[in-house]
Amino acid sequence: MADGRRPGAGARFLYKVVKNDAMKEDPPEIYGWRVFVLAGSACFGGMLFGMDIGTIGGVLTLPAFMAKYGLNGLNKVQLADLTANITSVLQAGCFIGCFIASWVADKWGRRTALVMNGLITTIGCIFQAAGNGNLAVMYIGRFVAGVGVGGASTVTPLFVSENAPRAIRGGLTGLYQLFIATGVMLAFWINYGSLLNLSGDSTYIVPLALQALPAVLLVVSMLLTNESPRFLAKAGKWPAATSALCRVRNLKPDHPYIQSEINDMATQLKHEQELTSGSGTKDLLKEMWQIPGNRKRTSLSILLMICQQMTGTNAINYYAPQIFKNLGLKGAKVSLFATGIYGVVKMVTCATFLLFVADSLGRRKSLLWTSIAQALAMFYIGLYVRIDPPVEGKAVPPAGYFALVCIFLFAGFFQFGWGPVPWIYVSEIPAARLRGLNVAIASATQWLFNFVVARATPNMLATVGANGYGAFLIYGSFCFSFFFVAWFFVPETKGLSLEQMDELFGVAERVVEPRASTESQLYNTTRQSDMYFQQKECVVSRRCKVLYQV
């Protein structure tokens with residue numbers, strides 16, 4: 001706004017709701033429609049995940065599916081094992097897909113990788129819809145779809161973070177979680193609508209086939225967008241990088257903001273090349289684990305993804321109809337309707353977080369308060385099921401209805417912290433050369449523990465106490481412990497550029513001239529190859545200041 005031009009309506013709205021220093025300094029032109037359309041297009045990769053979560057949980061309870069795939073007649077433990085196998089085979093494909101997509105994204109580009117993942121997911125969805133009662137075909141379809149879903153989970157936040165302006169990078173990267181929540185909601189209502197309006201095998205075939213819809217949208221939208229400017233810069237294609245950056249920022253190449261951002265990219269890439277001699281996977285792994293600042297970032301990314309999954313959110317996402325049944329709601333229609341409302345709550349609360357909280361309150365505080373809130377919701381559900389469990393044939397008591405409310409509250413709390421924030425962190429804190437590999441490792445960790453949750457939850461609900469009350473107490477205990485993880489290990493990153501993450505984590509290994517900024521101050525030291533980071537104005541607790549010294 002320094003040039004006196006009146007910002008557009010979108011920028012004026014952002015100035016009102018986003019409170020950080022970068023928002024005050026950067027030109028209003030960069031907050032035009034292009035960056036939001038680009039982020040939304042890539043985030044169809046998140047909807048792949050959400051559609052699968054919501055679809056499979058409901059499909060497993062549909063009478064036609066249970067009859068076709070032999071789920072009828074099984075005892076409680078056998079049914080838990082089979083449903084867990086059908087659900088969790090997707091995660092195996094996702095784990096592998098993370099590393100395949102990372103390699104493709106670093107070799108041929110983020111855009112190419114997303115197109116590939118959309119096509120793979122479509123093929124997997126076709127197999128699932130065409131299974132016709134053959135479990136082997138269902139397993140193959142879910143594994144293949146998993147390769148695409150897992151790959152998209154790696155590349156989508158990477159692509160968005162590399163295109164997003166620093167002031168709203170948290171909100172834009174968090175769109176990934178919003179699209180997951182939207183996919184979950186759509187799938188829940190598709191399941192409910194299929195049960196009401198379709199009959200026979202079509203009640204489950206239609207939902208399984210419609211999982212491919214976001215995959216098709218991802219492919220089409222990515223074919224209409226530019227490649228990430230930071231990938232083009234890393235590949236040495238500076239004219240193309242400048243052109244792509246100008247388009248998404250809505251500025252001319254000679255604008256000071258564009259020149260500054262291009263210069264920051266060049267400076268960071270040059271410095272990274274000075275630190276290492278190669279760019280193969282082995283070289284990148286050495287750089288990731290041997291340089292203290294990079295090791296801290298990778299370790300934090302892995303830790304956050306483990307915590308996200310162990311909150312128990314996907315236990316509810318995958319098995320919501322069964323959980324609502326355990327809490328006293330009877331009938332497939334009633335439980336699927338409640339599941340649909342659960343999906344709406346997730347989507348609305350996630351959108352609210354991204355608009356008003358992610359880049360204002362910040363990442364760290366969001367993790368802290370939601371840890372406690374999630375724990376309290378889970379503890380109440382577990383204690384209700386233990387002390388006053390639902391009785392067959394009787395109405396749900398008031399305490400039971402509040403337990404149902406706690407399911408919805410848990411969904412809202414998760415979307416205000418541990419849902420979107422880990423994805424924001426893992427895509428914004430790595431060094432440029434390591435961003436693809438770091439996000440791949442974090443995504444693979446997420447899918448590994450997603451598999452653990454998906455595989456264990458049905459058995460926990462069947463065996464850990466009456467109506468599975470112990471499962472809720474276990475997940476509540478995990479949520480409570482994550483308060484301390486956030487307190488001791490997670491620094492604040494709102495408003496920092498991607499290039500400033502090196503300063504925050506003290507990654508540089510060479511002596512540099514002192515340079516002051518509002519976020520941090522770097523000092524020369526007598527110790528060879530070390531840089532000490534003294535956080536003076538960064539909003540990080542004292543404990544984090546100590547932990548992130550080199």
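Here the Cβ of each residue, glycine as well, is placed from N, Cα and C on the backbone.
Since the structure is predicted, the reported quantities are computational estimates derived from the model, not experimental observations.
Straight from TrEMBL, the features:
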DOMAIN    38-494  domain 'Major facilitator superfamily (MFS) profile'
TRANSMEM  33-66  transmembrane segment
TRANSMEM  86-105  transmembrane segment
TRANSMEM  112-130  transmembrane segment
TRANSMEM  136-160  transmembrane segment
TRANSMEM  172-192  transmembrane segment
TRANSMEM  204-224  transmembrane segment
TRANSMEM  300-320  transmembrane segment
TRANSMEM  340-358  transmembrane segment
TRANSMEM  367-387  transmembrane segment
TRANSMEM  399-425  transmembrane segment
TRANSMEM  437-457  transmembrane segment
TRANSMEM  469-490  transmembrane segment
Same-chain residues near the transmembrane segment (399-425), Cβ under 8 Å, at least 6 residues beyond its ends:
157, 161, 169-170, 173-174, 176-178, 180-181, 300-301, 304-305, 307-308, 311, 313, 316, 320, 323-324, 327-329, 338, 341-342, 345-346, 349-350, 352-354, 357-358, 363, 366-371, 373-374, 377-378, 380-381, 384-385, 388, 390, 442, 446, 482, 490, 493
If contact means at least 3 Cβ pairs within less than 8 Å, sequence distance 6 or more, would you call the transmembrane segment (172-192) and the transmembrane segment (112-130) in contact?
no
Other parts of the chain folded back onto the transmembrane segment (136-160), taken as Cβ under 8 Å at six or more residues beyond its ends:
38-39, 42-43, 45-46, 48-49, 52, 56, 69, 85-86, 89-98, 100-102, 104-105, 110-111, 113-114, 116-130, 172-173, 175-176, 211, 215, 218, 228, 423-424, 426-427, 435-436, 439-440, 443-444, 446-447
Same-chain residues near the transmembrane segment (300-320), Cβ under 8 Å, at least 6 residues beyond its ends:
53-54, 56-58, 83, 87, 184, 188, 335, 338-339, 342, 374, 378, 407, 410-411, 414, 418-419, 421-422, 425-426, 429-430, 438-439, 441-443, 445-446, 449-450, 452-454, 457-458, 460-461, 471-472, 474-476, 478-479, 482, 485, 489-490
Can you tell me which of 86-105, 112-130, 204-224, 437-457, 469-490 gets the most C-beta pairs within less than 8 Å of the transmembrane segment (367-387)?
469-490
Could you check if the transmembrane segment (86-105) is in contact with the transmembrane segment (469-490), meaning 3+ Cβ pairs under 8 Å among residue pairs at least 6 apart in sequence?
no
Under an 8 Å Cβ to Cβ limit, what residues of the same chain, 6 or more beyond the ends of the transmembrane segment (469-490), are close to it?
300, 303-304, 307, 310-312, 315, 363-364, 367-368, 371-372, 374-379, 381-383, 385-386, 389, 418, 425, 457, 460-461, 541, 543-544, 547
So which residues does the transmembrane segment (437-457) touch in its own chain, when a touch means Cβ under 8 Å and the partner is 6 or more beyond its ends?
84-85, 87-88, 91-92, 94-95, 98-99, 101-102, 106, 150, 153-155, 157-158, 281, 284-285, 288, 297-298, 301-302, 304-306, 308-310, 312, 314-315, 318-319, 422, 426-427, 429-430, 471
For the domain 'Major facilitator superfamily (MFS) profile' (38-494), mean pLDDT (0 to 100):
85
